[in-house]
Structure formats: C-alpha cells, structure tokens
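Database features, via Swiss-Prot:
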BINDING   His118  chlorophyll a ChlzD1 binding site
BINDING   Tyr126, Gln130, Tyr147  pheophytin a binding site
BINDING   Asp170, Glu189, His332, Glu333, Asp342, Ala344  [CaMn4O5] cluster binding site
BINDING   His198  chlorophyll a PD1 binding site
BINDING   His215, Ser264, Phe265  quinone binding site
SITE      Tyr161  site 'Tyrosine radical intermediate'
SITE      His190  site 'Stabilizes free radical intermediate'
TOPO_DOM  54-110  topological domain 'Lumenal'
TOPO_DOM  164-191  topological domain 'Lumenal'
TOPO_DOM  296-344  topological domain 'Lumenal'
TRANSMEM  32-53  transmembrane segment
TRANSMEM  111-132  transmembrane segment
TRANSMEM  143-163  transmembrane segment
TRANSMEM  192-217  transmembrane segment
TRANSMEM  273-295  transmembrane segment
Amino acid sequence: MTTTLQRRESANLWERFCNWVTSTDNRLYVGWFGVIMIPTLLAATICFVIAFIAAPPVDIDGIREPVSGSLLYGNNIITGAVVPSSNAIGLHFYPIWEAASLDEWLYNGGPYQLIIFHFLLGASCYMGRQWELSYRLGMRPWICVAYSAPLASAFAVFLIYPIGQGSFSDGMPLGISGTFNFMIVFQAEHNILMHPFHQLGVAGVFGGALFCAMHGSLVTSSLIRETTETESANYGYKFGQEEETYNIVAAHGYFGRLIFQYASFNNSRSLHFFLAAWPVVGVWFTALGISTMAFNLNGFNFNHSVIDAKGNVINTWADIINRANLGMEVMHERNAHNFPLDLASAESAPVAMIAPSING
C-alpha cells in the first residue's frame, strides 16, 4: 500500500512539473526548450564573465606566445576578450577533463569552447522556445523563422568558420577589439567586401534600418484626430492606449504622393511581412557567405583586370583593395608564418603604386 501511494505521489509531482513547464500563465514562459536553454545560457554567461575578468593569457597561435584578454591582465572593456582556444588544439573537443591541469586548460583557451558550445545550444533552444510558445498560444510560427537569421550568423562565425579553417583559434574572439581583428583578418584572407552574399547582407541591414525608421515615423505622424483644429492632435491620446491611433489609408496616401503610388503598401500584413523579410533574408545570405568563405570560396577577385595595349596593368579600385588586403594579411599572426602564402607564391609586388607614363 505504501509503495502504491509513493508511485502516485511521484506521478503527481511529475505531472505538476510538466504543467508548470508548459504553462502560458507563468510570468516568463519556460517550455521544454527552456529546460535546456536556461542551464546552458547560464553556464555560458557565468564562464564568460569570469574569463573576461580573470582568465590568464591564451596561446592562441600555438607558438608559445600567449595573448592577454582579461581585465585583470591589463585590458579594458574595449580591448578585453575571451581569447579563442589554441591552434595547437585545432578542432579537437577540449573540455576541462581532457587537460592535464586547470592551468593547461586555461593556457590553451578552454573557456572559449565551453562558452561557444553552451551559447550555441542555448541560443538554438531559445529559437525552439519561440516556436513552442507560439504553438501553445495558437500563433503562426514566423517569429522563430526571423530569429533564425542572427542564429545562423552566430553559428557561422563560431562554428562553421572554424571547422572550414581547421581550428577554433580562427573563431571570432568574444570581445570588441577581438571582433574588429576578426573582421580585418577575414577581409584580408577572403575579400568579404567583394562577396555578393555580404553585399546582400549590407543591403538587408541598412535597408531594414531605413524601412524601420520610415515605418515608425509614418505611423507616429498619421494620427487620427481626436481634438479640434485649435488644439494639438497630441492632446487626443495617452501613451499606451489600446485604441488604434493611426490611419493606414492616410499614411498610404502620404507616402504614395511622396514617392509614387505603388511604392506604398495599403495592406498592413503585406507591409509588415516586407519589414520582417527584408533584413532576415539579407542576414541569411551573410551567414551563407561566411559559411562558404569558411571553405575558401572567397569574394570576387578583379585584380589586374584592366591592362593597356602593351600589357601593363592599369590599377583599379580592385587593385587598391587587394593591396590593402595584402597589408592586413602580412601584419596578422606575424610570428606564426615565415611568409604569407599569397605573397610567397607570386611575383614580388612593388611597395608603392606607379603612375602609368602618358605619351601624348
């Protein structure tokens, strides 16, 4: 009899836990994805904070030249970072128990792997949690689809790119200056600015910002007048009121006259789909671009594409960009290479540009 009661109590406890996890009445929805998301993001956050403050220098290039990244080792908020794991580790999984000691684990940049793996799993579960809450509330699933764009970007720079390059030391550092270094080296090695997928991403982000500003300002300006002509239209409203405050027909008329008729949406759902889809598709393409360049399918190369009748090169902006790329490449990881492959495998490049002689 006692055993039976214990089983019922256990089953009842599990059922209550399930109901609590899936309840939409909680202040913050947990969900089954949240059961994984909460501990993984907590682990990533705690490790990041500790490493950013106190981690010792990391031998990122695997040549016994540690790079300092934490605040206690001389950095500030701008220069500080969690330094990626060592090139000596490569793509090997490097948890704490694989190192001979905690000092070795820290020296080889073990915290970086701990942070990015927990972060990527937690961020993925956050997307799943968005779908789960939408499902519980009877909503359509497009919120998590939009979130997949920044998630794909995170996977591209923290996982796909290191896999393609053969080492987690090539992943993006977790800090401000480290991110800038990652961007500069990426341009030097892959010419990302000349990659069409990155260009689509730029159009998506800047265009999305423009459309967001246009939409917000237009809606804010298209008030339904609740006051007399002698009073300010602002007096007819209070912040946070439930009633609709703007007239989409008036907004459509204004914008149609400002640009032209068919540049303006007269359907609210079509408008908001466009506002969501434009930046999302752009960022998707950027993530795809990073993922292809991870395997060295790089941006366009128009070097030496214009020559005169005698075969002499007439430099274009593509050649100027190439010269900048070479300069950035020879400066990074200075002691890790005897000579950059791009320079060692070709004829010597002049230090300064030479203006072509004009025989008139």
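Cβ coordinates are placed from backbone N, Cα and C, and glycine is handled just like the others.
Model, not experiment: these values are computed from the prediction.
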**Message:** Using the alpha carbons only, what distance in Å do you get between His190 (site 'Stabilizes free radical intermediate') and Phe265 (quinone binding site) once rounded?
**Reply:** 39
**Asked** Taking a Cβ cut-off under 8 Å, which residues six or more beyond the ends of the transmembrane segment (273-295) line up next to it in the same chain?
**Response** 142, 145-146, 148-150, 152-153, 155-157, 160-165, 186, 190, 192, 195-198, 200-205, 207-208, 211-212, 215, 265
**Prompt:** So of all those binding-site residues, His118, Asp170, His215, which one's Cα sits nearest to Tyr126 (pheophytin a binding site)?
**Reply:** His118
**For pheophytin a: widest Cα to Cα gap among Tyr126, Gln130, Tyr147 in Å** = 9
**Fill in**
Same-chain residues at least 6 beyond the ends of the transmembrane segment (192-217) with CB under 8 Å of its CB atoms are 186, 271, 274-275, 278-283, 285-286, 288-290, 292-293, 298-302, 318, 321
**C-alpha spacing of Tyr147 (pheophytin a binding site) relative to Phe265 (quinone binding site), in angstrom** = 24
**Request:** Please spell out the DSSP helix, strand and coil residue counts for the topological domain 'Lumenal' (164-191).
**Result:** 20 helix, 2 strand, 6 coil
**Request:** Could you find out if DSSP has the residue listed as 'chlorophyll a PD1 binding site' as helix, strand or coil?
**Result:** helix
**Near-site residues: quinone, ref His215, Ser264, Phe265, CB cutoff 8 A to centroid** = Met214, Leu218, Ala251, His252, Phe255, Asn266, Leu271, Phe274
**Complete:** The correct DSSP tally for the topological domain 'Lumenal' (54-110) reads 14 helix, 4 strand, 39 coil
**Asked** Residues sitting near the topological domain 'Lumenal' (164-191): Cβ under 8 Å, six or more positions beyond its termini, same chain?
**Response** 48, 52, 60-62, 69, 77-87, 89-91, 109, 112-113, 115-116, 157-158, 291, 293-296, 298-301, 321-322, 325-326, 328-329, 332
**Asked** Given the recorded positions His118, Tyr147, Tyr161, His215, which lie close to Asp170 ([CaMn4O5] cluster binding site), meaning Cα to Cα within 10 A?
**Response** Tyr161
**Request:** Starting from the pheophytin a site formed by Tyr126, Gln130, Tyr147, give every other residue of that chain whose CB sits within 8 Å of the mean position of their CB atoms, in sequence order.
**Result:** Ala123, Met127, Gly128, Arg129, Trp131, Ile143, Cys144, Leu151
**Complete:** One should report the C-alpha separation between His215 (quinone binding site) and Tyr147 (pheophytin a binding site), rounded to whole angstrom, as 21
**Message:** Treating G and I as helix alongside H, and B as strand alongside E, what does DSSP give for the topological domain 'Lumenal' (296-344) in helix, strand and coil?
**Reply:** 19 helix, 2 strand, 28 coil
